[in-house]
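Novice: According to Swiss-Prot:
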{"type": "BINDING", "residues": "20, 72, 75, 78", "note": "[4Fe-4S] cluster 1 binding site"}
{"type": "BINDING", "residues": "186, 241, 453, 457", "note": "[4Fe-4S] cluster 2 binding site"}
{"type": "REGION", "residues": "401-438", "note": "region 'Disordered'"}
{"type": "COMPBIAS", "residues": "426-438", "note": "compositional bias 'Polar residues'"}
């Protein structure tokens, strides 16, 4: 486990497996005829492995087996991720290496960046600044010091993700999909499901996260703007979570393995600080001209947002804006609001806006709660927020398919009567009863917004830790306040041609048409069960501590 990411960062962290069971890939450059015949493996005087031919004594150096992020996605050795691989392949050192290679080799490599809302809030908390001030400093850092061509917020990608996620759930609800649809925005949760609870995969939404949608948009628009190719663009994404590194390596369905990723490197706010500390002679968040950088009287923040984005980047006024709801993006909240809008538009004679109410139902702890959209006395839509692995485990257990009992075990009469009493309380019309229940039950909702970190993405493992003299709760509260203070932009607010919702949908369709891009390539991902290893040696090693 890396020094940057440790179990101390999360209070209900699930430790990774000891053994990585992914077999090393065959070296395609080696001679498949094995001209050396039988060989012995030895260690030379410098500690390097060498291969000695028994035929003529020829010594051949052996290279270390390499494990990629794509390998981690296909490996069941760890429950969520292998941190050493994450940090090694998506590290600030790799970014610095890429920047130096551009200068040394005099290439025309293009560097672009996107940054999440939570990371901006974390940096603002660490430096006691406003998020707007942090934005101005980051733009100066990446554009003026590091030589990036563009930097954007992830708001456009997030808003498209929110829209199509909500539409997906509404469609499933109308198709009588049984049980909740589960969000896929958190890669830690998704990897956990793929490797340990594959029976929930049919429930997981296939709508991409803001990181991946932003990556596709940014590379596509940058390529046209600068007359270059996608594989000549290096996209850095600043995220609150280390598992976002693995998400960036998930291959696109139907594309060759050699196809360039939409995101080339993911760094957390914590890693960005490490980069600045280690390369303080080259880069600084607070250069000598910091006062002029922070002064909005010279250049407004909106002008800065426009200048640092590709020329054809749309909706610049909302590209760094926030969204209502939870600090993980507000997915549950937006489903409820768009479900209400859908009902009103679909049947205006039945549903009047003034008769809707939104009720929040608390769960067993602060990391579980439910949002219910009530029309008069009936629940017409529901969504839950479930944060933290402990709560996730409880949810997936409830969603596990029941198996018919084949043995003739005598039933416990007390247990039977207790189940009967519980059933009598929940029988009847779900709509009317759900409106009056006062305990959140995510397993019975239309949709569940799931995040692996307690308190959601604002408390991601890659966020900056508090100083020793500041309580964690106080630090998290301040970060949450900074996040909330980012100006939000309601999807249902008025736009130039109707509301922002319809304008975004229309723009997305035109974007895909203009670039001959299948909409699924932009918006959809895929998941699959990661089968457990049958290699007894790997299983044995993984059982040892």
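From the backbone N, Cα and C atoms, a Cβ is placed for every residue, glycine too.
Structural setting of the listed features?
Specialist: With a 10 A radius on its CB, residue 186 ([4Fe-4S] cluster 2 binding site) counts 26 other CB atoms from all the protein chains.
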Novice: What other residues of the same chain, not counting 186, 241, 453, 457, have a CB atom within 8 A of the CB centroid of the [4Fe-4S] cluster 2 site?
Specialist: 188, 240, 243, 328, 451, 452, 456, 459, 460, 461
Novice: Three-state secondary structure of residue 457 ([4Fe-4S] cluster 2 binding site) from DSSP?
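Specialist: Once the DSSP labels are grouped into three classes, residue 457 ([4Fe-4S] cluster 2 binding site) ends up as helix.
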